[in-house]
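Below you'll find the structure, written out as structure tokens, and then a few comments.
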Amino acid sequence: MASTEDERRTSAAADEPEPEITILPPKPIASLSISLSSLLSPPPSKPLKIPSQISAVHFSLSPSPLRSRPSILSTSGAASSSPIPALFPLRPLTRRPSDPSHPVGLRRCSIVWFRSDLRVHDNEALSAANADSLSVLPVYCFDPRDYGRSPSGLDRTGPHRARFLLDSVSDLRRRLRARGSDLVVRIGRPEVVIPEVARAAGADGVYAHLEVSRGEVEAEESVRGAVEGEEGVEVRYFWGSTLYHLEDLPFKLEGLPLNYGGFREKVKGVKVRGTIEAPDKLKGLPKMGDVEVGEIPSLLDLGLSPVSDGAQDGKSATNANASSLIGGETEALERLKTFAAECRAQPNKDGNQESIYGANFSCKISPWLAMGCLSPRYLFEELNKSAIRTISAASTNKKSATLAENGMNWLMFELLWRDFFRFITKKYSSSQRKVDAVPATACSGALV
């Protein structure tokens, strides 16, 4: 009986359906195991190479500690299937010059290559570098190609001009030091010196003003080619040697009229841009590389004989005038201040429109304009202020007001001539342009 009951129970159990077994997918323990094994694996034998343009600041700003270890998830096939995306090679930080208040938007170090812009006022290259960078390194090169004898047997740079230049470079160094910076001085070709200094200082930017003559344009192209060959280094050029900005002309440079009259007519409605104030404080020199500033050379170092202040060969007046000129922005601003006072004191000497103020009826500011110790826009702006004050004070005297306007018209006339010469020189100086002949007016002189 018991056996029959046991058989019945066994038969009922056999008739019941077997419970379904559900196999759950494994949790991603294997993936975690792979990641841990990668973390615990010995470091690769090949050293990690970090691009030279990445500074310590870049690592401190990394959003994740994984970003500073690119070897963790980079090799095995299992690692490539990880949900974490593969890391790209480290890149320089995105720069935002328009928002210099953010450290992420700043360059590590920028070189300011001074040329014929030996001033701190109205200097767009200097101001832009100071706003864009954590440190600024001003540099001036005495290019050996600018000295010695030309193929025609003449001095490329005479002793009087060279001494004026040395004065200007010395004054620039003093003014930069007064703002917390300095000036690195070298004798050598810019396309050799600038990349060397950039490598030593770890610079990632070069700022400079464009010039107009063939040799100067070729130097710009050589510097760009040499510097941008360095990884992560950018060259930025600016325009700042004329009254009217190159970008504000109502025509392309190729369409520049070949005569002054045509040029003057076309630029009648163009406005003069405002000047850029000299920065009160400049970013300090870079700590990397410990770049020596160097000594300012003498005339003998440039292959020239010392200038004698005495009269020789019956040229006493010429020698005395040349020797009395002191180069530099400081002297230029003082000369401008004196000339502006003369303008206010005597709007037109003897009532003759041809008789303009100053020694020998000229402002005598051309040398400082040529070296860039004085900005033509700043000259125009300051004298225009003087003329406005004079006209306002002489509002009851129509003759005096008219004479003050004539003085400004004369200044504008001379500065426009200077602009015309520089623009037309620029037009024909590009190494990309082949011309059979250069117009006789294509020179960079000034009549001011």
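A Cβ is built for glycine as well, from the same backbone N, Cα and C atoms used for every other residue.
It should be emphasised that the depicted structure is a prediction, and the values quoted were computed from it without experimental measurement.
Pulled from TrEMBL, these are the features on record:
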- 1-26: region 'Disordered' (REGION)
- 1-10: compositional bias 'Basic and acidic residues' (COMPBIAS)
- 108-243: domain 'Photolyase/cryptochrome alpha/beta' (DOMAIN)
- Ser362, Cys363, Lys364, Ile365, Ser366, Glu414, Leu415, Leu416, Trp417, Arg418, Asp419, Phe420, Phe421: FAD binding site (BINDING)
Using all protein chains in view, find how many other C-beta atoms are within 10 Å of the C-beta of Lys364 (FAD binding site).
15
Note down the number of other Cβ atoms within 10 Å of the Cβ of Ser366 (FAD binding site), including every protein chain shown.
16
Within a 10 Å radius of its Cβ, which of these binding-site residues (Trp417, Phe421) has the fewest neighbouring Cβ atoms?
Trp417
Tally every other Cβ atom lying within 10 Å of the Cβ atom of Asp419 (FAD binding site).
23
For a quick check of packing: other C-beta atoms within 10 Å of the C-beta of Leu415 (FAD binding site), how many?
23
Mean pLDDT, the domain 'Photolyase/cryptochrome alpha/beta' (108-243)?
95
Under the DSSP assignment, what numbers of helix, strand and coil residues are found in the domain 'Photolyase/cryptochrome alpha/beta' (108-243)?
57 helix, 29 strand, 50 coil
